[in-house]
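As structure tokens, the structure follows; a few thoughts come after it.
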Amino acid sequence: MSITTRQRRPIAPTSGDALPPRAPGRDRPRPSAQSSTWSEAAEEGGGSLDWKIPFVALAFLRYMSATSNIIHDCDETFNYWEPLHYLLYRSGFQTWEYSAEFALRSYLYLLFQALVAAPASFLFGDDKVRVFYAVRLFLGLISTASDTMLIVALSRRYGRRIASYTLAMLCLTSGCFFASTSFLPSSLSMYAVTLSSALFLLEKYGMAVSVAAAGVILGWPFSVLVALPITFYSLKRRFKEVFLAASMTSIVALILSVLTDHHYYGRWTSSVLNLLAYNVLGGGESHFYGTEGLFFYLRNGFNNFNLCFVLALLFLGILPIARKKFAPDLLIVVSPLYIWLVFMSLQPHKEERFLYPIYPLICIAAAAVIESFPDLFRRKYVTTDSPIVMAAKILRPLVLSLILCASHSRTFSLLNGYSAPLEIYKHLSFHEDAGEGSILCVGSEWHRFPSSFFVPSYISEVRWIDDGFRGLLPIPFNSTLGGTAAAPPYFNNKNMASEKQYLRDTEACTFLVELELKRPYPSHGSDLSKWEVLAAIHYLDRELSSPLYRSFFIPYMWQRNVFGLYKLLKRIPNPETTSQV
């Protein structure tokens, strides 16, 4: 008998099988050590977070910021809102930085906001206040998008918990609340740092460095220091991809910047290089515009972030314990916080807005420290958590709640104490009966002028009156000299006052805005036989109020602050002049 062997007929592959079945365990893709660490950290941190919840939460808070934020710095008004107003309406104040002789400010940054401002001005017509808030909403939207990207990246790398803590602080800390909708290049740099950090954590290295480069060139050139750690480590990991992407982005941005500067300044120049040369290579006289002590940014950081700022500075302290979890990538992202603080603290000229680029990094570092509380008390070979570890877990939401409550207290204090300038100018729209050609005069309150967007069209001029200030003030753009291409002789970079900056004949003033404080000197509007008070709003007197009471809103104690009155006055017609007419 012969034995025959049957051969099994091969199974035809189905449409979904591109290849025959593989032997078990052969050529199976294995997870890399990096992705394994990712998944472990994400699982330990509570899993990843969907983008919808962060986006909605941030959008709501950014909308609140856009509609209620005050203007914290006159630089925002005169170096950005006013030139934008000129581009839209052919009127507005010019600073010496926008003189074609110096050309320190970039019109490309203004054109970025004009993408929204120009259509809004066409849509709303003479209602310029709505154009102002349309730009702010646009800034809030950019902030929302970049912050959401950061939260998603953090949740994928380190879990839901650290992402949620960061989200809460991005939403509610005073610094982020106010900086997110400020019309300043440092805010644009902040958006770029946020988005660049998110892309770096997602291993999109070329895009991360490209975004950082765009933020430096289109926003604030000095923020290059914040971008250095991510740039260096990205180049180390994928040199060719990162170098090509960053180079192309930088070249395109610089070309656009130079072409825009040539168009508006009327000569070949680069505002980016001019600004760097003015401040770095000599000739910079930034000390003329205010200097502060070595610890200014530490005080300022605590005011805007309270305990969050303290915890952020402690990030390096917890790193030896949480090294496996946060090093090297989160350390690379957070490291510019320390670089920037040291560098900026050594500069004599200090402004609150100079810290804006590192605001999101403060929130990340603080969230990492809070998330690591239990790790400080865990023992290496103990499998169950001790009571002190359980207590540390309970401490996390308590500390976060304390940060958010203090932040809300700070935000409430600033909005209620210093919002009078924005609100008082809105009353001008109710007094069009004053007639075309009216003149609005402002004295010592020139630095709180919220911008020409709040000045109705029936007012032909806004003029400064001499209240003793001897520095150089902004002067209206002069179309007869060339507008943006003009180099007016009355501008200088030494902060020397010009004779053209003041209106000498105060009798020509139709309206007057001034702050009445409890001081021994008289005010222009104190003579009620000449002036009628149209509106008056309380304004917190910083000098006479306690730092504790004014910095944070404490129920039943905040009212102990001293308040002045921010007034809008209208000149009472002279009976003799009226009868002659």
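Glycine is no exception: its Cβ is also placed from the backbone N, Cα and C atoms.
Over in TrEMBL, the protein carries these features:
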type     : residues : note
REGION   : 1-45     : region 'Disordered'
TRANSMEM : 107-125  : transmembrane segment
TRANSMEM : 131-153  : transmembrane segment
TRANSMEM : 165-185  : transmembrane segment
TRANSMEM : 205-230  : transmembrane segment
TRANSMEM : 242-260  : transmembrane segment
TRANSMEM : 304-322  : transmembrane segment
TRANSMEM : 329-348  : transmembrane segment
TRANSMEM : 354-373  : transmembrane segment
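Put simply, of 131-153, 205-230, 354-373, the stretch with the most CB pairs closer than 8 A to the transmembrane segment (242-260) is 205-230. Sequence-remote contacts of a segment are chain residues at least 6 beyond its ends whose Cβ falls under 8 Å from one of its Cβ atoms, and for the transmembrane segment (205-230) they are 106, 108-109, 112, 185-189, 191-193, 195-197, 199, 237-238, 241-242, 244-246, 248-250, 253-254, 257, 272, 275-276, 279, 332-333, 335-336, 339-340, 343, 357-358. If one looks beyond the transmembrane segment (131-153) by at least 6 residues along the same chain, the residues whose Cβ comes under 8 Å of a Cβ in the stretch are 48-49, 51, 54-55, 58-59, 62-63, 65-67, 69, 81, 84, 88, 113, 115-117, 120-121, 124, 163, 166-167, 170, 180-183, 187, 190-192, 194-195, 197-199, 201-202, 360, 364, 451, 453-454.
Counting residues 6+ beyond its ends, the transmembrane segment (165-185) has Cβ neighbours under 8 Å at 49, 54, 57-58, 61-62, 64-66, 69-73, 75-76, 80-81, 84, 106, 109, 113, 135-136, 139-140, 143, 147, 150-151, 154, 218-220, 301, 303-306, 308, 353, 355-356, 359-360, 362-364, 366-367, 370-371, 396, 400, 403-404, 407-408, 410-411, 414 in the same chain.
Taking Cβ pairs closer than 8 Å, the transmembrane segment (354-373) reaches residues 45, 147, 150, 154, 158, 161-163, 165-166, 169-170, 173, 175-176, 179, 182, 184, 186-187, 189-190, 193-194, 197, 220, 223, 226, 297, 300-301, 304-305, 308-309, 311-315, 318, 321-322, 325-326, 330, 333-334, 336-337, 340-341, 344, 392-393, 395-396, 399-400, 403 in its own chain, all 6 or more past its ends. Tertiary neighbourhood of the transmembrane segment (304-322): same-chain residues 169, 173-175, 178, 331, 334, 337-338, 352, 355, 361-363, 365-366, 368-370, 372, 375-376, 399, 402-403, 406-407, 410, selected by CB-CB distance under 8 Å and a gap of 6+ residues from either end.
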